[in-house]
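Let me begin by presenting the structure, written as structure tokens, before commenting on it.
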Amino acid sequence: MIFKISGFGALFMVNVLVGVLSEQVRQVTQPGIHTEGPVWDHANDGLYFVDIAADRLEYYDPKTGVVHKVTLDGPVSPVLVLPGGNLAVGVGRQLRLMDWAAYNFSSIIPQITPPVVLTTVEDDKPGNRFNDGNIDSVGRIWIGTMGPEPVVGQVTPDQGSLYRITLQSPSRHVSSLPRQEHAVEVKTVLSPVSISNGLVWNHEETLMYYIDTPTRRVDVFDFNLAQGTLGTRRTAFDFAAHNVTGNPDGMTIDSDGNIWVACFGGSQIVQADPRRNALLRSVAIPASQVTSVEFGGPYVDGGDTLYVTSMRKGLSEEELVREPLAGSVFAVTGLGTCGQRSASCRT
């Protein structure tokens, strides 16, 4: 394994051979404080992500290398792309609607247009915030919260919940939506949880994989797409059973039905087969606090780049010397697989 650290844009040759595969890890953004929640924008071929600690929503354009940023008025997480291109953005305990692309990713969009607030949750828990989520093929938002985190990695347990949020008109343009909190139906589907995290479905949407980080497991629920309901819960992949270093954070799924999980505190991402509770491989990342993963890249070309976010918040000065790129977004290529939305992969 060879890491060549030479500043922004450095290429990390990760010579982990799987057959003829040779993975490469490349830094694509400058370090942030707590980058999280990467989501590929299929309409514009770019990557949304957030910097929670900096209260920022960001957009990386891989064609130019430019990162657009907008600062909001609270911790931002997650960002989700709705049918029609609107964004659902968590800001603290609020879920807001934005169409940032319509304003050319302007940094002054908060001054240009007031926020469309869809809902606010957990008024009785002011220290909570939204953390991670996803959108099913019907357009329903599945989004969870977490409790206060007075010290990095020490979250007050059992304070969060997982919600199903249904928009009345998910594809309508932001400007045509009401600017008050009655455009959605909010349903609590799982409570309590400690750190509601990665959430993905299998290709058929008959199974939903879900992470509550302190359990150190990826669990799976039977999923009824028509009704938007969860069935039996069971373990799909167990970090402890496989001696995986770190805790499960964000997650995505590839076209083969295998999950990819960020290992917070583990300096790696892992690929697992959740149908067999089997560890397939790990890929080293030059940051210990790996936070999330998402497949991207133009899907006409395969969508086979795995974007990885990371965090530098909470690291000591000595740790930052060892991890100068902590907080960056990385691009991993050469994996021999691609995102679930791809019909085929380039290898």
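For all residues, glycine too, the Cβ spot is worked out from N, Cα and C.
TrEMBL lists D249 with the feature active site, proton donor/acceptor. Among the features that TrEMBL reports, divalent metal cation binding site is placed at E36, N197, D249. According to TrEMBL, the substrate binding site annotation covers R129, N131, E149. Among the features that TrEMBL reports, domain 'SMP-30/Gluconolactonase/LRE-like region' is placed at 35-311. Annotation source TrEMBL lists signal peptide at 1-22.
In this structure, the recorded positions E36, E149, D249 were compared by how many other Cβ atoms lie within 10 Å of their Cβ, and the smallest count belongs to E149.
For R129 (substrate binding site), the same-chain residues 6+ apart in sequence whose C-beta sits under 8 angstroms from its C-beta are G74, P75, S77, G90, G92, R93, T145, M146. Neighbour density for N197 (divalent metal cation binding site): within 10 A of its CB lie 30 other CB atoms from the protein chains shown.
Residues I52, P75, S77, N128, F130, T145, M146, G147, P148, V155, G160, I195 surround the recorded substrate site, their Cβ atoms falling within 8 Å of the Cβ centroid of R129, N131, E149, which are themselves excluded. Taken together, the residues of the domain 'SMP-30/Gluconolactonase/LRE-like region' (35-311) have an average pLDDT of 93. Cα-Cα distance from N197 (divalent metal cation binding site) to D249 (active site, proton donor/acceptor): 6 Å (rounded to the nearest whole number). Compute the center of the Cβ atoms of E36, N197, D249, which mark the site for divalent metal cation; besides them, the chain residues with Cβ within 8 Å of that center are G37, N131, D132, I195, G198, I211, T213, G250, A262, F264, T291, S292. Residues near N131 (substrate binding site) in space but far in sequence (CB under 8 A, at least 6 apart, same chain), listed by position: S77, P78, G90, G144, T145, M146, G160, I195, S196, N197.
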